[in-house]
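Everything on this sheet refers to the single structure shown next.
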Amino acid sequence: MTLFTIDNVRKTFTNGEVKEEILKGVNLTLKEGELTALVGASGSGKSTLLTIAAGLQSASDGKILFEGGNLTEMNGDQVRKIRASKFGFVFQFAHLVPFLTVEEQLLLMLDVSESKINKTEQKRGIDNILTLVGMDHRKHAYPSTLSGGEKQRVAIARAIIHKPKVLFADEPTASLDSTKSRDVMTLLRDLTKSLNLTTLMVTHDEEILSNADRIIKMSDGLVLGR
Amino acid sequence: MNMAWKEMKKNKMRFMILGSIVFLVSLLTFIISGLANGLSQDNAALIKDLPDGQFYMSTEAEQTINLSKIDTDVQGKLLNKHKEAVAFSIQMGFLNDEDEKQQSVAFVTSTESQLFENVQKGEVVLDQSMQDKGIQVGDSLTSNQYSGKFIVKGFSDQKKFSHAPVAFINTEDYREMYRATEMQLIFVPGKDSPDAAKELEVFTKKEFLNTISSYKAEQTSLNMIVWFLVVISGMLFGIFFYLMNVQKMGLYGILKAIGVKTRTLFKMMWTQMIFITGMALMISITLSQVLNMLAPKDMPFHLTLETTRQLSIVFFMIGFIGSTISGIQIKKVEPLHAIQRGEV
Ligand SMILES: Nc1ncnc2c1ncn2[C@@H]1O[C@H](COP(=O)(O)OP(=O)(O)OP(=O)(O)O)[C@@H](O)[C@H]1O
Ligand SMILES: [Mg+2]
């Protein structure tokens, strides 16, 4: 089932006098329970497309359709609400909050998403997710004491603790060595299936592509398909 | 979740440094304003402790108390009109105690009034501080300008003028000493509008205090120090939170990306500001009040709880302004900020 539609999205950056069109009318649909990989040369506009789809920056033109609404027509706070409750994010770096423990990172996300579940259910949910990503034994650790791979797994846990519909990942394995990146990849794929997520992931890693349901290639601001 | 608290717990050192600077600055502010108040009390308690009202001086005196001479007819009219009004004069001079030691005093005489000590010819009532110098009731004091002797009738609390203890004497004695037939000043208590009279100039209490030489100079410079300290503490807050915020730009970006409201981030900063200011003020208020109680008698230190309360409110306001101005960056930071710039 189609859950997310990117319809003729354009993005123009103005650097002083120079106008540059980075996205030249991108069309893309994402399906529930599918992991879509976005590949392409450096500078082809992958990150730009992902962040626009995720409501982290605005499009110059076009529509982002999700659950009957159009993100490009919403105001800042409406988009924020959707990001907080319906989207999850994983980036190249974990971007954890340095003064919160692993458990607190997830509690914060539950707070932000304004999930209505009570304290005991929150605790249970956190334990479940941490077991899922294999970090239950470091529940009370601060980020500074975790390895890169561990941090990334906590970041993934944070991205899914509030049961989002869509998971956006921009080169989530780029800062990891090959063993760890394979682990993280498998994890993302398994989570997509078990939680029925709609996942859009940018990656450079050819090896990873075997995990994807669909591979979309971008070139010079346009989707080529594959 | 209380992120403000969690952050302070994790970075105790950082926040304790800010707290101790705020503590030191606020303590210094309290002490200076205690001194300012103490000095003004020491300088002019005689006038300061009068109720609110109007002071009259002769216009020709051009705001110099010593040169003022109020015409007896004018005085009579004014005193007739206002039952509580009082005419009085002040002159600096010396009294010699029984050991022939010279004591500098301010001689004050007045018409009959509740507001001043009224004494008989040859008697004197002195400010309390003279008792600490070994003078007792019944002692007889002399003055180079006075033919007879002054018998000490008693002491009166907190009567100072121009940093000298006040000596209340009878009008007849005063006339003999200073060869003046007219009074210098008239005081009309109450908030009524002043009586317009060509030959008289009217002052509010505050204006009148400022005509006392040294009072204005002292208070202006001390108050300036107090306000400087207040402004400095505001800037401290601003700079501290600015530096912290600059370090945390990436964090703010990522928090915004996952959906944290900008308002929540501001609240976090305000909570920290209020907590630190509160703690620092609690300690400095306690210490300054202890100092207030323990200060030696001849140290002019007088810090009221009212002044402390007002200054504390000012500290909170200035902390709020300082941190909020530096927090404008929080509003500006984009969710993408961190993501495009690598690790937090
Ligand atoms: N804020 C911006 N202002 C101006 N130009 C930008 C901005 N963001 C991206 N660009 C430009 O848009 C183009 C595409 O950038 P984008 O980050 O989407 O590429 P990418 O496909 O993700 O590349 P990579 O694989 O290297 O991450 C680049 O040429 C980049 O310089
Ligand atoms: Mg990119």
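Placed from the backbone N, Cα and C atoms, the Cβ positions cover glycine too.
Per TrEMBL, the features are as follows:
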TRANSMEM  B:224-244  transmembrane segment
DOMAIN    B:224-335  domain 'ABC3 transporter permease C-terminal'
TRANSMEM  B:265-291  transmembrane segment
TRANSMEM  B:311-330  transmembrane segment
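The list of residues near the transmembrane segment (B:311-330) in space but at least 6 beyond its ends in sequence, with Cβ under 8 angstroms from a Cβ of it, reads 22, 26, 29-30, 33, 226, 230-231, 233-239, 241-242, 245-246, 249, 252, 262, 265-266, 269-270, 273-274, 276-277, 281, 285. Residue counts for the domain 'ABC3 transporter permease C-terminal' (B:224-335) under DSSP (helix as H, G, I; strand as E, B; rest coil) come to 93 helix, 0 strand, 19 coil. The average per-residue pLDDT of the prediction over the domain 'ABC3 transporter permease C-terminal' (B:224-335) is 90, rounded to a whole number.
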